[in-house]
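Trainee: Have a look at this one.
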């Protein structure tokens with residue numbers, strides 16, 4: 001996601017600061033930041049920081065190398081050494097595909113920041129670059145949420161039809177999600193870009209419905225999935241406690257997976273949300289110095305956003321025992337030959353929980369029988 005400057009009568013994030021999901025408006029021309037109403041307070045003119053460019057260029061280069069190595073290893077393991085696939089594997093592979101969208105475009109962003117935010121590859125390449133970056137963010141959020149909800153179904157609703165979905169059904173769900181993700185970000189391929197910069201939004205002098213929609217979508221992409229993930233964590237925790245699943249590997253691993261999902265989610269996407277909203281508040285308050293600082297911090301937070309391609313392989317280790325085992329084997333960290341490790345663990349209630357439930361049912365049935373006998377005795381005595 002890219003952000004850069006604010007400039008319109010309504011509060012909005014600027015092109016160097018706004019994520020790619022904020023589509024450029026063909027009718028709007030680039031302009032400086034203005035105060036609310038663009039009047040008496042005078043315009044705000046935040047400057048591009050060479051310090052931010054100097055920070056982002058090497059960081060993104062390092063993320064490219066680490067992300068390429070980690071995700072190449074992940075793709076190799078999932079495609080060659082993972083048999084059979086499960087619904088969880090389908091969503092993990094989709095996350096790998098999303099990461100490669102980012103990794104393949106990071107070298108162009110590194111070059112962009114090395115040249116102090118000067119794009120030299122043409123408008124068509126700029127459109128594709130911003131489209132891929134935006135698609136990566138949306139896909140990462142969507143499939144992290146899908147992984148969390150898949151774990152929720154396995155633990156909390158083990159007998160639900162969705163919990164027993166086949167690999168083919170999971171693949172169709174993932175395909176449908178990809179179609180929606182591409183449609184949400186396709187506007188970037190139809191937008192017009194000019195000038196030396198390659199930014200996802202050029203703010204004009206008039207606010208547009210498109211801008212407000214994309215701002216709302218940007219926030220919704222963060223808060224709605226986060227709410228679903230937290231709901232899954234709380235539900236799984238309560239289920240583990242109530243059903244006595246604490247001693248089973250599957251439910252415990254599900255909790256670790258969701259904890260890792262939350263960690264990746266907050267580390268990668270929360271900084272841009274915080275500084276983006278701070279930029280909007282500074283814009284509303286016509287605080288030019290604060291606005292300049294917040295937009296530069298937002299721009300720098302792109303390093304965290306792009307970090308998801310590095311952290312996702314760590315998530316795969318938590319989510320798939322087979323992936324962890326195969327990774328250790330390929331890296332020479334295990335001794336001897338071991339059979340494949342199944343990713344499917346038991347999520348059924350423990351023996352103690354089943355015993356308690358059976359006792360409760362037997363007790364309830366006994367009470368019903370006693371009540372029935374009492375009622376029969378009353379009827380007999382009344383007839384006599």
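Here the Cβ of each residue, glycine as well, is placed from N, Cα and C on the backbone.
Checked Swiss-Prot, it gives:
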- 1-58: topological domain 'Extracellular' (TOPO_DOM)
- 1-21: region 'Disordered' (REGION)
- 5: N-linked glycosylation site (CARBOHYD)
- 7-21: compositional bias 'Low complexity' (COMPBIAS)
- 59-79: transmembrane segment (TRANSMEM)
- 80-87: topological domain 'Cytoplasmic' (TOPO_DOM)
- 88-108: transmembrane segment (TRANSMEM)
- 109-129: topological domain 'Extracellular' (TOPO_DOM)
- 126-198: disulfide bond (DISULFID)
- 130-152: transmembrane segment (TRANSMEM)
- 153-172: topological domain 'Cytoplasmic' (TOPO_DOM)
- 173-193: transmembrane segment (TRANSMEM)
- 194-215: topological domain 'Extracellular' (TOPO_DOM)
- 216-236: transmembrane segment (TRANSMEM)
- 237-256: topological domain 'Cytoplasmic' (TOPO_DOM)
- 257-277: transmembrane segment (TRANSMEM)
- 278-297: topological domain 'Extracellular' (TOPO_DOM)
- 298-318: transmembrane segment (TRANSMEM)
- 319-384: topological domain 'Cytoplasmic' (TOPO_DOM)
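Walk me through where these features lie, including what they touch and how far apart they are.
Mentor: Here the topological domain 'Extracellular' (1-58) has a mean pLDDT of 49 out of 100.
For the transmembrane segment (59-79), same-chain residues at least 6 beyond its ends with a Cβ under 8 Å from one of its own Cβ atoms are 89, 92-93, 96, 99-100, 102-103, 106-107, 109-110, 113, 302-303, 306-307, 309-310, 312-313, 316, 322-323, 326-327, 330.
With helix defined as DSSP H, G or I and strand as E or B, the topological domain 'Cytoplasmic' (80-87) counts 3 helix, 0 strand, 5 coil.
Tertiary proximity for the transmembrane segment (88-108) is limited to same-chain residues at least six positions away from its ends with a CB under 8 Å from its CB atoms, namely 60-61, 63-64, 67-68, 71, 74-75, 78-79, 82, 121, 125, 129, 132-133, 135-136, 139-140, 143-144, 146-147, 150-151, 167, 170-171, 173-174, 177-178, 306, 308-309, 312, 315-316, 319-320, 323, 343.
Taken residue by residue with DSSP, residue 126 (disulfide bond) is part of a helix. Cβ neighbours within 10 Å of residue 126 (disulfide bond), excluding its own Cβ and spanning all shown chains: 22.
If one looks beyond the transmembrane segment (130-152) by at least 6 residues along the same chain, the residues whose Cβ comes under 8 Å of a Cβ in the stretch are 1-2, 19-21, 87-88, 91-92, 94-95, 97-99, 101-102, 104-105, 109, 173-174, 177-178, 180-182, 184-186, 188-189, 198-200, 221-222, 225, 228-229, 231-233, 235-236, 254, 257-258, 261, 264-265, 268-269, 305, 308-309, 312, 315, 319.
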Trainee: Can you tell me which of 173-193, 257-277, 298-318 gets the most C-beta pairs within less than 8 Å of the transmembrane segment (216-236)?
Mentor: 257-277
Trainee: Just how many other Cβ atoms lie inside 10 Å of the Cβ on residue 198 (disulfide bond)?
Mentor: 23
Trainee: Using DSSP, how many residues of the topological domain 'Extracellular' (278-297) fall into helix, strand and coil, respectively?
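Mentor: Across the topological domain 'Extracellular' (278-297), DSSP assigns the residues as follows: 17 helix, 0 strand, 3 coil.
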